[in-house]
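As written in TrEMBL, here are the features:
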- 314-481: domain 'Helicase ATP-binding' (DOMAIN)
- CYS544, CYS547, CYS584, CYS587: Zn(2+) 1 binding site (BINDING)
- CYS553, CYS556, CYS571, CYS574: Zn(2+) 2 binding site (BINDING)
- 579-733: domain 'Helicase C-terminal' (DOMAIN)
Amino acid sequence: METLFGDLEEIKDGDSAFFADVILPVPIPKMFTYKIPRNLKEEIGIGFRVIVQFGKKKILTGIIAKVHQKPPTSYEAKPILDVLEAHASVNPIQIRFWAWMAEYYCCHIGEVMNAALPSGLKLSSESKIQLNPTFDADTSPYPLDDREELLLQALRQKEEMSYEDCEVVLGIKSIHGIIKSLVIKEAILVFEEVKEKYNPKVETRIRLNSEISRDKKALEAVFNEVSSKPKQEEILLKYLQEVPVYRNPELNQKGLEKKVLIDAGMSVSSLKTLIKNGVLEEYKIIVSRFEDEQSLEEGVVLSEGQQQAQQEIKAAFEEKNTVLLHGITGSGKTEVYITLIQEALAGGSQVLLLLPEIALTTHIVGRLRQVFGGKMGVYHSKYSDNERVEVWNGVLSGKFSFVVGVRSSIFLPFDSLGLVIVDEEHEISFKQFDPAPRFHARDAAIMLSWLHQAKTLLGTATPSFETFYNARMKKYGYVTLEKRYGDAQLPEYHLADMLVDKKKNLLKLDFTRLMREKIQDALNNQEQVLIFQNRRGYAPYISCEDCGWIPECEHCDVSLTYHQFGAEMRCHYCGFKEKVPHSCPACGSSKLSAVGLGTERIEESLGLLFPEARIARMDLDTTRSKYGYQRILEDFGSGNVDILVGTQMITKGLDFEKVTVVGIMDADRILYFPDFRAGERAFQQLTQVAGRAGRREKRGVVIIQTRRPEQQIFQQIMAGDYKNFYIQEMGERQRFFYPPFVKLLKITTRHKDFKTAEKAAKHLHNLMGDIQVKKILLGPEKGLIGKIKNQFIFESIAKLDRTGNAQSQFKHELLLILEELQAHKEFRGIRFIVDVDPY
Ligand code: ADP
Ligand code: ZN
Ligand code: ZN
């Protein structure tokens, strides 16, 4: 694969032909070389967005990665059709970052581009073409041939046509040669319609004619004129009330939103008349989709511990590029970030703060907004594409020098980052699973930082093993915050044995006696409760009591989850839905029962156990709308809800004063997950959710329900003994060759036919075995879920040395193998997926 690393050239003068290597948002292994038409030569450089033809029909937006004078050897270069802006949209650091990402994560740079650019900055392939209206065939120095004439005539009549239309007109299958020749003849075909899918938000405003606004006499005359037309007079009076130009004529410049007049009940037709008579003017301006935010305060006062941590971080940055801030839940990491961000901004640098999921962290965003106001951009997972483009442009223009965002915000066009902070660095939502690039935003952020010569701060109460390992090996600096802010204490833990309670008949609707008592205590004291169960729906499955039949998804190898809402069974992998049958299709029995615990069922049980309590639920199903989370959290924050039940969504970042009790319904479910990270994740999840309790004066209580309270991990979580837990687990990882001791690559093979998938997977596996690199290869085996969306899944795992170039050599050869396989007739239609550092 061609690498761009450190190999960027500027456009050169001279008369010979110029070519550009263009990154296209498609999964192809290389960049394509296009010819730069003479008329565009002066206007193009690295990072510019251009329009090119790709294949026979597709028109795509590409990014210029390199300009040179070497024509391609294996094909004839097509011309670049148009350039989209007079400036680069992507800077050289970004292009190097994309190239690194493609190389490291074994994907194509076009796939990285696709992930990086908001779709508003990419052209779709159903583009329409138009003739440049200023083109004049009669005066053109280049004569047109018959087919070109014909095409131009057709275009003149229709204004715009699709590629297919053009083919119909000419009666031939391919027209790209003709279009190319037209472009070179400068009968330029333009793509106005599709240049930008981004729609800026436009506001219609009204203002006085500027002559009138500046001249009191003129204004009086206008009022005399409309004195017999009360509706017009009313409009003018309303305008003057909102925009008192008689006090300050300058105010008229800004005018008034038309909507204000309409909403105030003014007559639309009278308004029209005033505009027609030249008294008022209507005009349009582009406005932000975001509210104008003001910062409320300047200073932050750090506690002594925070101040010390902040000093230590700065000292560590003198020697290390990356520092881990290991601060327990509630220790006040946010305030430490704030002071560091303020300093970086004051020094003229840009700052990026990565959060796992913005919607879940309204608290921290709200707090940052207070301090940073309008210079802070937020890049949200639920933003519309137009909003994303606005943030993108805001970073380009310098409006946003600080961005808080989810993982995709690493792609924003920063050009002078000084500091990158990754909050809750252990969170797996930083990893992108699908589609490629399957990157980890924390790891990518460290690389991005390095490219900018910036510093990275990783913050968490429960570091990922990878990060903690790097800190212990002194690759990263290490700073701790060991006390909660203020007088808050860490919560008091209780283990509740579900089996013992069951035997004694004390387990009611899956709640142990202790759990029920603690919830009741909180309710009696007007305090709030969080209940955690990482499973949405009512029950994980339904089962026939007589024959044991369990309904499964038609398209995937999983059982269907029962959702009481809608009385449906749903597949959480493909979205397939089905009504619950009246009787068992296997034996006809009518005894079908829901087995296991989902958040819906817990909500229902709580209603029965605590009829006086107000209960809400927060999971994927209740938060699908844009402001879903926010509404639930506001309700909870304002005290309208006593008990909040939720999935992992409630484990993160919540900081509510009145939460004193946290209940974990089923800790075993988290512990017995068949993955080498299960222990690590259990420690993180349980510590994080427990950390929501008792964050102010009153000490919190955490109840962990389990069937095996004797497990050592519970003692370690309760004692906050991360280090011993880590050392113990790391022993296992080292013994069985797992990260961070090795690098993992997961190679998945998918096909709709079981045998074909298996055969391809085996073949690939053998070829990987031949790669001359020290490695351990496992598999191929049926995936943990053997079929998803009708595709059978096989997986191989490669374990590689984490140091040296074994990794990059293996990846390099693997890509060549895959390219070859994909070109093979026998393996057409098979998907091979490479996941580097899989989760
Ligand atoms: P963490 O992210 O480490 O879990 P937070 O940053 O959420 O902790 O801080 C915990 C609580 O303490 C928050 O309510 C926060 O507002 C408060 N807090 C932390 N530091 C300060 C400070 N320096 N001044 C005032 N309040 C603080
Ligand atoms: Zn049955
Ligand atoms: Zn399914």
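Placement of Cβ uses the backbone N, Cα and C atoms for every residue, glycine included.
Sequence features, as recorded in TrEMBL, placed on the structure.
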residue: CYS544; record: Zn(2+) 1 binding site; DSSP class: strand
residue: CYS553; record: Zn(2+) 2 binding site; DSSP class: coil
residue: CYS571; record: Zn(2+) 2 binding site; DSSP class: coil
residue: CYS584; record: Zn(2+) 1 binding site; DSSP class: coil
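Considering only the binding-site residues CYS544, CYS556, CYS571, CYS587, the Cβ with the fewest other Cβ atoms within 10 Å is that of CYS587.
The binding-site residues CYS547, CYS553, CYS574, CYS584 differ in how many other CB atoms lie within 10 Å of their CB, and the one with the most is CYS553. Taken in sequence order, the binding-site residues CYS544, CYS553, CYS556, CYS571, CYS574 that lie near ligand 3, meaning a CB under 6 Å from one of its atoms, are CYS553, CYS556, CYS571, CYS574. Closeness to ligand 2 is met by CYS544, CYS547, CYS584, these being the binding-site residues among CYS544, CYS547, CYS571, CYS574, CYS584 whose Cβ falls under 6 Å from the molecule. For CYS584 (Zn(2+) 1 binding site) paired with CYS556 (Zn(2+) 2 binding site), the C-alpha to C-alpha distance reads 20 Å. Comparing CYS544 (Zn(2+) 1 binding site) with CYS553 (Zn(2+) 2 binding site), their Cα atoms are 16 Å apart once rounded. Cα of CYS574 (Zn(2+) 2 binding site) to Cα of CYS547 (Zn(2+) 1 binding site): a span of 27 Å. On a Cα basis, CYS553 (Zn(2+) 2 binding site) lies 19 Å away from CYS587 (Zn(2+) 1 binding site).
A straight line from the CA of CYS553 (Zn(2+) 2 binding site) to the CA of CYS547 (Zn(2+) 1 binding site) spans 19 Å. Predicted-model confidence for the domain 'Helicase C-terminal' (579-733) is 92, expressed as mean pLDDT. CYS547 (Zn(2+) 1 binding site) is 22 Å away from CYS556 (Zn(2+) 2 binding site) when you measure Cα to Cα.
Neighbours of the Zn(2+) 2 site: apart from CYS553, CYS556, CYS571, CYS574, residues of the same chain with C-beta atoms within 8 angstroms of the site's C-beta centroid are GLU554, HIS555, VAL558, LEU560, HIS572, TYR573, GLY575, PHE576, ILE788, LYS789. Geometry remark: CYS571 (Zn(2+) 2 binding site) versus CYS547 (Zn(2+) 1 binding site), CA distance 22 Å.
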